[in-house]
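Read through the structure below, which is laid out as structure tokens, and then see the notes.
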Amino acid sequence: MLLLPLPLLLFLLCSRAEAGEIIGGTECKPHSRPYMAYLEIVTSNGPSKFCGGFLIRRNFVLTAAHCAGRSITVTLGAHNITEEEDTWQKLEVIKQFRHPKYNTSTLHHDIMLLKLKEKASLTLAVGTLPFPSQFNFVPPGRMCRVAGWGRTGVLKPGSDTLQEVKLRLMDPQACSHFRDFDHNLQLCVGNPRKTKSAFKGDSGGPLLCAGVAQGIVSYGRSDAKPPAVFTRISHYRPWINQILQAN
């Protein structure tokens, strides 16, 4: 079974996002998710890719470590990423803080902070999203949401408009087929009996549970069948705090 990071996978997004689109989701009401960030990434070998992310401070975006690149431009306040609006704020990333223990083989510690060159202006279309404390443990069974511009199907292109999908947090056993899944570091998301998921292009987007970002779209199966694996944000709160305080 082939496993791919979300920028290479297509997941069902109306509740979570990757670097593609949401599968089994619906289009969000324009600008109803003001924390969402669209990342245009220039890679070291030339080709561009894109990911999702979310604004946690006026000058910091949280995303997945596998979304790192030679340079990154962040677009805030977007709904249709092909039609520029007055709500858009395009900001350059001046520093990428990829977690020092990020492992490209296991995709453990798939989390990264992006420092923006300028602070975002908070508007009706651009806002920050709260994230959990270190010991905030969200239980299996909870319904959450993920959003993104990723693929809406395995063989479909990315979505122009922001999509969202509702996904259920699963027991860790549901992700036992992922050899490197670690319940302490990650969340298992998406009912395997449903056809909803996040996929390629949704990577880096937030898993929103009761208004709090609990997870980050990380990886899943190459056929986009749920469940998928999300980075557990609460585990990394001390590291996040350290970066924010030092910068």
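Every residue gets a Cβ built from N, Cα and C, even glycine.
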Disulphide partner cysteine [Swiss-Prot] for C209, chosen from C67, C144, C175: C144
Per Swiss-Prot, cysteine bonded by disulfide to C67 (from C28, C51): C51
Three-state secondary structure, which DSSP defines for N103 (N-linked glycosylation site): coil
Listed disulfide-bonded residues (C51, C67, C175, C188, C209), ranked by Cβ neighbours within 10 Å, top entry: C51
Residue from C51, N80, D110, C175, C209 whose C-alpha is spatially nearest that of H66 (active site, charge relay system), among the recorded positions: D110
